[in-house]
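S.K.: Before I ask anything, here is the structure I am working with.
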């Protein structure tokens, strides 16, 4: 019965000099449950954007139901039956739950200003059915913005289903949900009619193995493997790229001697859109050590980094101490806290040397006296890759070079505390090795480093201590030596979802 | 009158049923009070010619035109589009009516329909370009369009009469005589305004406004569902222009004259401010808020400020009301939340 | 023959007008770019500058210098005060309404003191007169204004692209949060942007009154034309684009209005529509891919 619904023909996407997705071909039959997995920066979301039409491919063709759709707008693709969810539930907060669903039910290109009563009744019935499908009937009159996070995700799925898509694209549907909500979500997706084709991106592997019949693995924008779930679990390449990162390339030599605590976080709570992401987290980082945070997407790693960096507000009761004094969110650079944010966030209108000049000026202002004094010349010695790129703009550099620039910008602030949010995201292995050397060197100079990561191999290569975040709590904290023990291994695997033991058949 | 069916933002948490019931009762009382207030205001508006002289009646007619301008702006605010340039469509409506009247078509309702229709048509032509922007850029573009509209009105003398403006014959009511007495013109204007108001109220409950609010709230979601932002927001833009254009026809009815001064920066500013103040006082964009604020602006600028201090008083009004918003919101929340409010 | 020369005189006026618009638009670009606030009182700032010149100048170059210094002081303080006023407000509409209120009050004060007439400040005697070339007189004041504005543009370009201040400013426009995390105070940058933006508008008023006479309605003309320049120049603060756009608009306004008055206002509208087609979608795309 397998007629082809979606065919991707050598599609790729580049941003300036950065390739987010190398040419990729995939054929997805009608009714498939196709999962796309891979570490952060693998190009999964880019791929979903390309299929939905929110991004145009740099090269290649997309064919839906033997019709080329490469040049169609997202709305035109929606007309052809493409429905999608977003990483953060995309619902209209200011409208009620029922009104949100009603948006999806439309006659094509009709404003229905002249509604007939029959039309209205038909729409009401379909709204009720869609809400029933996900179990939101009781909340039909509630404002979407007042729903808890997990319910908003269900609402988004109800909205998309009400449009009756033939191809359903789900972007990280389990992120931020608790186990009960994930199993409810799984049931909803399982109950979809067989002719609806599902393409799913998720980090939660039990969910993926539970739902998907075919899995594609991407890493650093490149296709690693596509196959049945059994085949993927046993594929050596896949294990190397994604699962089997349990053996670190190098083990960190433990640092000796007592070290003063630089960062002391007490009772940190924070959230987005009313949904709690972090709940009373305690954490410390000592001078000259690297503390890595591991966890799934949505576990709260980035939120924690952003709160410490002053980019995201903490809730009342949170205390963040730097060398024993309160860290004020608006003056983190003054306190010599430097950030390498997720996605780098370089200034597109500034050249490399302008980035360095600006950071160096701030470093000279706030970083007097103690600590490793770094100027632009030292940084260029440390990160020679930047030396002959001084006049380039970020868009003209590769992902690895951009990451080095983001690190250079942070180090020029002469930090006491360096925060790194997913620095290995989307980078090739040899660049990650360089990154390991750089971060180890920084810690050896006495800087306290807090690192959020998904790449376990990298985290274990650089960290002295590792904490695992799960649903807003720290599940455990251990030194890398302790982590080598089998029981710790098993616990880690369970929390990070790399184990397949929890899979329901 | 035409409150949109927008629920008050976050006035109570979904807690105990008893608390909710109390809140419901309080909300119902507020609704009743508002209806009574509206009825009194409507009666006063109808009886105005019996109560005062021609000066205040003309002022009230001015307030009606400004109210239409403010409602037009507010419809776009509902769609998340801050528009400064609705005077452009008021001008298109007014000059259309003036040209038709000069050509012998003086029937009031016909002029009203023609003005609204022409304005909507012009808006539909401009929409694809203007709607390529959002937020502060949209605001910038509309300010600029307002300025260009004045420039065109000044320079296109063969059509607009330039700075001198155009005088028009008095409007007639089919099959009647020309409307010349101030009270009669006022009553006609008020009736026409009520008709546009009923139409707007119906529009606010229509699916189009639901779509506009959804575009304002989450445009990527709408696009992913297959909604065309330019098309649907464009329909809203044209509808808003029609309301403004109707205001232009009423302007001709009241003044039998139109000039670039009628669509000047000051007029545009008053319309924009009326919608914004209405929003600031209600906490979200409502038509009633825009209407009340339009009347308040005419009272402050033209009545209290008739000695020449009008712009000063209006400036002070605009400088204070936005800062009252937090207090207003607190007050609203307390009124609905007060335990035993309806006991 | 002399028609060409008379066009040259007009073109000189257009150039001066364009450079005046450049100074105004650069100020507005700074405010919109850094603060993301639509300052509807920008035209009133220009009027305030012309009034200051009227009050303080007596026909000597020194008095003009004093007026410029006074303008910079007043505008700097006013801009800083405006940034304090903007802080508690939410949304473009509220911010725009407050600037509108300030504009109304300023315009009222201006009409009160001028009695509704056009107050043209005296030109410095040295600069009053004409430079005669091939039988046609070129006003010296316009020539000097062109020189000063060109120097201002060069200085702004140098500051923006070759100084630490310029780097900081561009960083703050690009990603204010990361600029903050890299040791800049976002609040201070915003205050500075509003202050400098207002200083540019007021200075344009002090020096530009002979180029564009102050009078009722000039504030909204100035605002409209600055916005047109801004939209033609595209997003960000780019001196070169602003300069090209401003001079084009200045030329259309002087040459065009004299030759084909109706066409000139329509042609500006068409130019803006073309600019919207080319660059309008930028902001939205960022939202869609976020």
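Backbone N, Cα and C atoms are what each Cβ position is placed from, and that goes for glycine too.
Heads up, TrEMBL stuff is auto-annotated, nobody curated it.
The transmembrane segment annotation in TrEMBL covers C:6-30, C:62-85, C:97-120, C:140-160, C:192-211, C:223-243, C:255-278.
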S.K.: Given the transmembrane segment (C:62-85), which of the listed stretches C:6-30, C:97-120, C:192-211, C:255-278 has the most Cβ pairs that are under 8 Å apart from it?
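M.R.: Ranking C:6-30, C:97-120, C:192-211, C:255-278 by Cβ pairs under 8 Å to the transmembrane segment (C:62-85) puts C:192-211 first.
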S.K.: Counting only pairs at least 6 apart in sequence, do the transmembrane segment (C:255-278) and the transmembrane segment (C:6-30) share 3+ Cβ pairs under 8 Å?
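M.R.: Yes, the transmembrane segment (C:255-278) and the transmembrane segment (C:6-30) are in contact.
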S.K.: State, in range form, which of C:97-120, C:140-160, C:192-211 has the highest count of Cβ pairs under 8 Å to the transmembrane segment (C:223-243).
M.R.: C:140-160
S.K.: Using Cβ atoms and a strict cutoff of less than 8 Å, what residues sit near the transmembrane segment (C:97-120) while being 6 or more residues removed from its termini?
M.R.: 37-41, 43-45, 47-48, 50-51, 54, 82, 85-86, 89, 209-210, 213-216, 219
